[in-house]
Amino acid sequence: MVMLRRKAIRDIKENFGVYLACIIVIAIGLLLYTSMSIAVESMDKAQQEFYTETNFADGFITVTGYPENKVNSLTLLPGIDQVTGRIVKEVRIIDQEKNSNKYLKMVTLNKSNATQINQIKLIEGQLPRENQPEILVDPKFLEVNHLSIGDSIDLSIDGNQVPLYITGTGQSPEFIYIMRNAQDLYPSAEEFGIAYISLDTLKVLVKEKGQVNDIVFTLEEGVSFDSVKDNLQAELKPYGFRSIVPRKDQTSHSILTSEIKQIRTTTKTLPVVFLGVAAIILYTMLRRLIEQQRVSIGTLKAFGFTDLEIVLHYLSYPMVIGTTGGLLGGLSGIALSFPLTTMYRNFFALPGLKSEFSFKYLFISLALALVFSVLSGIKGSLDILRLEPAQAMRPPAPGTARKTLIEKFSWFWQSLSSQAQMGIRDVFRTPTRSVFNVVGIAVVYSLMTVSWSMQNMTDLLTVVQLEQVQTYDVKLQLSEPSPTGATKYAVAHDPGVSRVEPILEVPASLRNGWLKKEVALMGLAEGSRLYNILDKNGLRLEVPDHGILLSEHLAKSLNVSVGDIIYVESSLRRETISQKGENLLVTGVVPQYVGLNAFMKDTELQHFLRQGEISTAMLIKMDPAEVGAMKSKYQNASNVSSIESRKDTGAKIEKMMESFGFTVWLLAILGGICGFALIYNSSIISLSERKRELASLRVLGMTPREVLRVITSEQWTLYAFGVLLGIPMAFVLSMSMAQSMSNDMYSLPADLPPMALLGAAVGTAFSVLVAQSRAYYKIKSLPYVEILATRD
Amino acid sequence: MDILMEGKNLRKNYSTGEVEIEVLKGIDFQIFSGEFIVILGQSGSGKTTLLNIIGGMTQASIGELYYKEQPLHEIDDQQLTLYRRNEVGFVFQNYNLMPNLTVYENVRLVAEIAENPLSVLDILREVGLENWKDHFPAQLSGGQQQRVAIARAIVKNPELLLCDEPTGALDIQTGIQVLKALQKLNLNYHKTVIIITHNVEIAKMANRVFYLKDGLLDDVKVIEKPLCPEEITW
């Protein structure tokens, strides 16, 4: 069948624009699928391998001080397999820059412990020696701060300046995603890094004798975390137990895992959208091709070509498109997986994270492209079988010429030009094709809406968080919960300070049945102005005198609503024997975009903790010019763990939003390309179907622009229906996107502002206009005399 | 002469939406091997429908049709395709060439599926188009296109050549050239040729003429001494 193949190739060449548009849409879908699949598979594999290689812990405990020589005895508790005790201490880096806010988290290495948990993978250099002022740092910190092995860093440890030498770089499974705390939102290697130091060295530096403040453990096979938690808590209680966290809630692990989960969901949904649009284009194009080649099909049948041979011939078109799109998408996806993996390496310190050429995903891409293309091809070409050769040789019977529904609105119908009437009638006379096009436009529109709304949403989030929620200029985080009065008094008399509000943030475990969440429970003073809780309408809400307020995301995670009771525990609570925690009434559910918190009135929280009037941080309103001086004053204070200005927070939020920006624009651009391809295809079909009609209009004296109105009126009608259908689709898509992108650090509201709906309508209209401009040039160069001279 | 084809009481109904039309109302005929037959009739008389039934392009609603004693009215679609593939060559009034295949490729397209095809180049030489083999249909005159269509019909070496108004779209000079090609096939290669036409002059070339009127075979006329194409005019 060499000649039929040649015919197919020439047919494709003749309408190359449409086929190319289709190939591009397929390739975009598969580019996303392949690149993200390779990246996520590599992340998953690297995570598992790294965890196994380094014996990643199943649980993490913080405690004020637990005897070092008792650590191993914890393995005697049922279910506990291995235990390692460490000292973990955050220290400030002394920099020439006075206001600098750089910190290192020092984690001790205990070489004497044979069964080490969370082992360090040495990347470069060598491990720090015992009793030597040496440290190993995470590679990103070294790189970003322009340090080298052998350099020394001055650290402020317990008020003393201590120089430590860098012996190399290493990575731990515990710090794959390195953040100082959950409020940080974004890793910033410039300001925060991890350092590993010999236990003996740090003990000397912090003047600690025989106590550890951090314990990690692994579980015996088949044992659940919850079954050991109570025993451990009971054992550690007398030693100043602070928190116990299972692996799933460990910050780095949970962020990495949720990222993997989110990418997996995206790889399953987004490519399907693009392949679906490509299938619509292919189907409509093939239907038209077959209608156009009806006589050729009849001729082939007359000469004895079998139905199978003819169907296979017409399936060769989608197969060529599918193969080309599949290969192009697969190969470019593989190529993109390399920079994508590099980008992920910037966020996640995973040693084995690398991309490689994947025949598997190239094959899957090809298979997916072929399945979508051939299915749409089969749907489009099976009608050939129904045609008898004699019937195929005749032009098709004219379609029904009944009035369309829209013509019943005569006032509207009469106001239209003849060209518009022709175009609109065609929409209703080819219902299948119109429905496919409307669905396609609706998909494009909803993609654009979501993209637009995310842009709005991220802008809004920044503004709301920085101008309405966190209205303080400086947050002074205390190292320990401290009595409020004295601290507040001291800070209030600092230069430039106009208002000080104490705040109490404590780790808490919230439980509703088997659903449980570890969060920061925030106690706010009555009339607090420097941290505001807002309701759905953005109005400030006073924390109720009793009960607890939950953020929407938290309430959803715990499946509770207003009026429900939840059980709250905190490691800072002074327990009575019978009462570890308390049942509290959920008095409200409030939106919270950044962070995952529960809120109580400070006095109520203090009462719950039974610790008296304490606070953990001071929120300060002050003259911005004095912020630097305040930082200098407190940066070496032993009772202050960090000083963060609103500017610092703003920069972090903005950096996080920038990472969304890429996704938002990518989605909008890809949506636009899809819209263009769809409408361009529809224009070409209209043009070829109406060649004679349009040529007649030209001969009758209409300008190309007037003739174009026949096609544009058809397309604007499809566009209007597409946008109408796209609105509910956008709501569903926006909800699922917000849900999949929200996590414990931030939650994106599933909100579609009118601007997003309008903006997407404009964006979709733009892609329609661009496609129509191509149609205009085709009409302009229409050889109308020749068309009218030839027979159909 | 052997009977090549025999039709008995052939009827054909078409349904166009709500209306049922009887195009053939019971036709009986015999066609002998190597005959040159012209079917004459006015528009709507059923000529094309009869030709389509003879060529296996459609099947009669009622009646029997035998080709080399095999019942065509009883065979399935697949066998009918084989019949068209191996036994019948078609020439259409509007040529129906593949516009994006060259002259050579149009003919080879059919040669590729034939059991015993003739040489494509030989056939093109036979119809005088060997120098035009690399041209596309749009670059040829009507007569040349019709000769490509004839070449395409005979390249598979069919027993039966069916022509639907082969000169309908041509001027007289070109029409005569096409008719000469068809007569040559009939006389030199002993192919059975059936032509349907409005043109009564062409009937003078035939061995027998079938007159169709309102879906019935009105008359069959035997021509004792068929004329050459050069001897006729219109």
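Heads up, the Cβ atoms here are built off N, Cα and C, so glycines get one too.
On a predicted model such as this, the values are computed, not experimentally measured, just so you know.
Straight from TrEMBL, the features:
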type: DOMAIN; residues: A:23-234; note: domain 'MacB-like periplasmic core'
type: DOMAIN; residues: A:270-389; note: domain 'ABC3 transporter permease C-terminal'
type: DOMAIN; residues: A:666-771; note: domain 'ABC3 transporter permease C-terminal'
type: TRANSMEM; residues: A:16-36; note: transmembrane segment
type: TRANSMEM; residues: A:270-290; note: transmembrane segment
type: TRANSMEM; residues: A:311-338; note: transmembrane segment
type: TRANSMEM; residues: A:358-378; note: transmembrane segment
type: TRANSMEM; residues: A:435-454; note: transmembrane segment
type: TRANSMEM; residues: A:662-682; note: transmembrane segment
type: TRANSMEM; residues: A:718-740; note: transmembrane segment
type: TRANSMEM; residues: A:752-771; note: transmembrane segment
Which of A:270-290, A:311-338, A:358-378, A:752-771 contacts the transmembrane segment (A:662-682) most, counting Cβ pairs under 8 Å: A:752-771
Whether the transmembrane segment (A:435-454) meets the transmembrane segment (A:311-338): three or more C-beta pairs under 8 angstroms: no
Contact call for the transmembrane segment (A:311-338) against the transmembrane segment (A:752-771), three or more Cβ pairs under 8 Å: no
Residues from the same chain, set at least six apart from the ends of the transmembrane segment (A:752-771), whose C-beta lies under 8 A from its own: 441, 444-446, 448-453, 456, 668, 671-676, 678-680, 682-683, 715-716, 719, 722-723, 726-727, 730-731, 734
Distant-in-sequence neighbours of the transmembrane segment (A:270-290), which means Cβ under 8 A and at least six residues beyond its ends: 11, 15, 18-19, 21-22, 25-26, 28-30, 32-33, 297, 314, 317-318, 321, 325, 368-369, 372-373, 375-377, 379-381, 383-384, 433, 436-437, 439-440, 443-444, 447, 670, 674, 677-678, 681-682, 684-685, 688-689
Helix, strand and coil totals (DSSP H, G, I; E, B; other) for the domain 'ABC3 transporter permease C-terminal' (A:666-771): 89 helix, 1 strand, 16 coil
Segment-level pLDDT (mean, integer) for the domain 'ABC3 transporter permease C-terminal' (A:270-389): 89
Helix, strand and coil residues within the domain 'ABC3 transporter permease C-terminal' (A:270-389) as assigned by DSSP: 101 helix, 0 strand, 19 coil
